[in-house]
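Colleague: Pasting a structure below so you can have a look.
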Amino acid sequence: AMFTASAIMNMKSHMFLTYPLLCFLFLSSFVNGQLDYKYYDTTCPNLTKIVRNGVWSAISNDTRMPASLLRLHFHDCFVNGCDGSILLDDTSTFTGEKNAFPNRNSARGYEVIDAIKANVEKACPSTVSCTDILTLAAREAIYLTRGPFWSVCLGRRDSLTASQSAANDQLPSPFEPLVNITAKFVSKGLDVKDVVVLSGAHTIGFAQCFTFKRRLFDFDGSGNPDPTLDSSLLGSLRSVCPNQSDSDSNLAPLDAVTINRFDNVYFKNLMNNSGLLESDQALMNDNTTAALVSNYSRNPSLFSKEFAASMVKLINIGVLTGQNGEIIKNCRVVN
């Protein structure tokens, strides 16, 4: 359900969570303390309102957009840090990240960021980075789907380049085993708890059939479905994704119970063998991750709190500040 502007502001007063009051000290070694909650307070005081209105408008037109914006942000931060590089189009000097395998024909929301950036440029020309806009947009998207709210340190600058090869190498894949996915998180300064809690973002959004189809028809190479997949879910997924190549891009909800609401039902689904992706259900095959799944399935407020904490870690990976990068005027091309 969509909310009125006054309801959104009232919700904020009821949130048990804002995160935290001081920018994380452990970040200071590589950001030189230049990120600040009040970074744009004088140079672009209406920034948060502009971003929130832009995200709200986008969600009104497309209920998939919150998941898409969060994924876009995640895919930016995981490739050489949160630097807006995923927003850059290919040029004669570099092949960007938009057509890397994890992003091609699946990453979306670029036009939403373009529209918000245009409104920010009108209000505060050449002031706010595309990276900060994407970071705020992802936060607002989750908040507007009744998820947690976290405070965002601002002052990131935009990358002057992008890397298709880095996107192919560094982004976790639903086809990888849990140990490989965890290693990719650890390489970014995250840990196994972050793997589980950020996987909880799959409480919203959709996946294309090709990302899980082998679980439905030929999981073991001899024509049998994945034995861990709940049988009623198997039946419904086979109707969405028939065993033919032209169904590969059909969409199924990652959480079929509460499709557009950010909650802890994803973890309840895993407990019931109803995770959609192999990489989701695999969290139940490891004692450490399964214990976390169980905790989050029983305690929605714990999940909200720890999701916000993991997002605060994520949004500060490899940021550019000071004289590094630039403030790009059009998020698709360097100035």
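The backbone N, Cα and C atoms fix where each Cβ goes, and this holds for glycine too.
I grabbed these lines from TrEMBL:
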- 1-33: signal peptide (SIGNAL)
- 34-335: domain 'Plant heme peroxidase family profile' (DOMAIN)
- C44-C124: disulfide bond (DISULFID)
- R71: site 'Transition state stabilizer' (SITE)
- H75: active site, proton acceptor (ACT_SITE)
- C77-C82: disulfide bond (DISULFID)
- C130-C331: disulfide bond (DISULFID)
- P172: substrate binding site (BINDING)
- H202: heme b binding site (BINDING)
- T203, D255, T258, D263: Ca(2+) 2 binding site (BINDING)
- C209-C241: disulfide bond (DISULFID)
Colleague: Would you list the other residues of this chain near Ca(2+) 2 - those whose C-beta lies within 8 angstroms of the C-beta centroid of T203, D255, T258, D263 - in sequence order?
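Modeller: Residues close to the Ca(2+) 2 site, other than T203, D255, T258, D263: I204, V257, I259, R261, F262, N264, V265, Y266.
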Colleague: I'd like the number of other C-beta atoms within 10 A of the C-beta of D255 (Ca(2+) 2 binding site), please.
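Modeller: By my count, 26.
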Colleague: Relative to the Cα of D255 (Ca(2+) 2 binding site), which of the recorded positions R71, H75, C124, H202, C241 have a Cα no more than 10 Å away?
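Modeller: For D255 (Ca(2+) 2 binding site), the recorded positions whose Cα atoms are within 10 Å come to H202.
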Colleague: Take the C-alpha atoms of C209 (disulfide bond) and T258 (Ca(2+) 2 binding site) and report the distance between them in angstrom, rounded.
Modeller: 19
Colleague: Sequence gap of 6 or more, C-beta under 8 Å: which same-chain residues meet both conditions with respect to C77 (disulfide bond)?
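Modeller: Listed in sequence order: K188, L314, I315, I317, G318.
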Colleague: May I ask which residues of the same chain, at least 6 positions away in sequence, place their Cβ under 8 angstroms from the Cβ of T258 (Ca(2+) 2 binding site)?
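Modeller: The answer is T203, V265.
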Colleague: Checking your reading of the structure: which of the recorded positions H75, P172, H202, D263 lie inside a 10 Å Cα sphere centred on C82 (disulfide bond)?
Modeller: H75
Colleague: Given a separation of at least six residues and a C-beta threshold under 8 Å, show me what packs close to R71 (site 'Transition state stabilizer') in the same chain.
Modeller: A107, G109, A201, G205
